[in-house]
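Database features (TrEMBL):
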- B:Asp152: active site (ACT_SITE)
- B:Gly73, B:Glu96, B:Ile97, B:Asn129, B:Ser130, B:Leu149, B:Thr227, B:Glu228, B:Glu229: S-adenosyl-L-methionine binding site (BINDING)
Amino acid sequence: MGDAQMEEGDNTREIEVAPALIAVDPAQRSVAVAVGSDLRVYDLIGDCPVSLVDDSAKPFHSDSIRAIRYDASGKLFVSAGDDKLVKIWSTDSWFCISSVCCEKRVSAVAVSNDGLFVCFADKFGVVWVVSLKGDAENQALADKKAAPMLAHYCSIITSLEFSPDGRFIVSADRDYKIRVTVVPKNPLDGAHEIQTFCLGHSEYVSCLDFIHSPDYPHGLLISGSGDSTVRLWDVTLGSLLDTCEIGSKFDRRFTFFLKAELSATDGIEEDPCHAVTDLCTCPNGTSVALAVQSLKGIMLLNCNLSAKTLSMAKVSISLVLSLFCKDFRFSFLNSRQIHAMHGSIVLRHIYALRYRYAWLGKEES
Amino acid sequence: MIEKETTSTFNKSTGLPRKRFYRARAHSNPLSDSHFPVPLSPSQFDYSLHYPQLVPAASDDDNPKRIQFADIGCGFGGLLVALSTLFPDKLMIGMEIRDKVSEYVKERISALRTTNPGQYQNISVVRTNSMKYIPNYFEKGQLTKMFFLFPDPHFKEKNHRRRVISPHLLDEYAYTLAVGGIIYTITDVEELGEWMKGCLENHPMFEALMEEELENDLVVKLLTSATEEGQKVARNGGQTFQAVYRRIAPPL
């Protein structure tokens, strides 16, 4: 996830820009966007930008933000990145309630389902955990100390996810591995019991998400990788249930919309890269949206939880669009604008090309 | 060892490879991404390539033979060779990151198989970085013995995280070992011995073997006598520090 894509024709090709990130409050009260070191939150109820308040010793972020997310209840928000800080915010007051220091730059964050623990991964592959227990939400806390919980030896962790039933924490790395670890009663003592590994990807694993529904509360794990596949896994056994080859889904119709990579050495167009860079699952457990490198749009896959299969649904090509799909609509980020669920809120100029899709799961009124 | 003038890499009388043609530095950086093939998952590991006599390619076994002993950092293969005849029905593998040294072990096993028909078919070696890729080779709870003999001490404090026995890596070894499986560690560096013992003692999924169990275990004696490193330490009258622990079920 360290390689940033530059927009074509952008004359700042030499400077590496961290991909812009987007996260949506599960309670649908706000949308957060991180652009470089800048964190911007938009209040969807009040229809206005939010002013963040940070009284800590090192306020806000001083370097690229690499991971942002809300917790399952929407009460907490976490941001972390290259400034080696993990900031935990209350979403009621947008006050920074805790700022945790890390020795290394942070590459991924996750919050336990009960909102009591925040986990973050550093660039050496160590996953740290910090406890939020026993603290009132809006109180400023003494800066907390994190404990090491588990590690992928010398590998950059690209994604961290708790399973929907809270039993496992899943971590994916650049060395093609996905590790499923049992969440212990006290994570601060370390998560030593590995449940399984999900092995099969032949390139770096870039993204993880669980897909679940009320009928299937344990859910299944979906992973996207640089090997141009999306895979469906059972995390209790580590078994591979289905694989979707993204590369083979593109035919002549779509090649017009694919940006072919210009080879650095001789300027000859190379075949477009179909690496999966990000994915997001729909809350009702039926669809998965993918961001594919070199595709100017998004790809939708159908997931059948009972048959445990993945299949192609459609490829949507667009630069600026709000898409409707059954009961939900989703917002996404492109090179210039973001369209959030209430229609045409345009946030200011954002200059990166990596997409992140968030499912809002709300019925359109 | 006084070598003859011949330039053959193999000793003509014993048929075994000569160490001097496989000289390598004692050190190899485990953090560098060397390019050797790694199986995508344990089911992709080619057993018939390593154990051609015992696991034929076409076998359609419901209960196929699986590796049970692993020597992590097997060096020149001394332990594997000693274990092979002690446990002829168990498959064993040595993992070694240094290219020349793993080549040597391969040649050594090949030569032993030729000069002792029917024997040494149960041992093999693979060149890999065991600190990163153990889950690629072994299923959960597959191994019953794991060996860490005279590992690199990494004296400097900032390099302690490169040690092959560490709190985080023990999670992976616990995953790979079956409940009841045993991990054997030995070193001649006292500080490292303390470190390894401390890591194992503090890990919730390992418990120390009792004195009587250690005495009754045939393998424990091999820790000092079977490897080239162990023999060198004995020759120099050095002390060794061992820590032998059993994998237990995690506490509830």
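Sequential numbering from 1, following the chain as shown.
Every residue gets a Cβ built from N, Cα and C, even glycine.
Note that TrEMBL annotation is computational and uncurated.
Here the features listed in TrEMBL are placed on the structure.
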residue  : record                               : DSSP class
B:Gly73  : S-adenosyl-L-methionine binding site : coil
B:Ile97  : S-adenosyl-L-methionine binding site : coil
B:Ser130 : S-adenosyl-L-methionine binding site : helix
B:Asp152 : active site                          : coil
B:Thr227 : S-adenosyl-L-methionine binding site : coil
Distance, B:Asp152 (active site) to B:Thr227 (S-adenosyl-L-methionine binding site) (CA atoms, angstrom): 15
Rounded Cα-Cα span from B:Asp152 (active site) to B:Ser130 (S-adenosyl-L-methionine binding site), Å: 13
Sparsest-packed among the recorded positions, when each Cβ's other Cβ atoms within 10 Å are tallied, from B:Gly73, B:Ile97, B:Asp152, B:Thr227: B:Asp152
Spatial neighbours of B:Glu229 (S-adenosyl-L-methionine binding site) that are distant in sequence (at least 6 apart) but have CB under 8 A: B:Gly75, B:Leu149, B:Phe150, B:Asp188
Cβ neighbours of B:Ser130 (S-adenosyl-L-methionine binding site) where a neighbour is any other Cβ within 10 Å: 26
Cα-to-Cα gap, B:Gly73 (S-adenosyl-L-methionine binding site) vs B:Asp152 (active site), nearest whole Å: 9
Taking residues B:Gly73, B:Glu96, B:Ile97, B:Asn129, B:Ser130, B:Leu149, B:Thr227, B:Glu228, B:Glu229, which bind S-adenosyl-L-methionine in the record, the widest Cα spacing (Å, whole number): 21
Integer Å distance between the CA atoms belonging to the residue listed as 'active site' and B:Ile97 (S-adenosyl-L-methionine binding site): 12
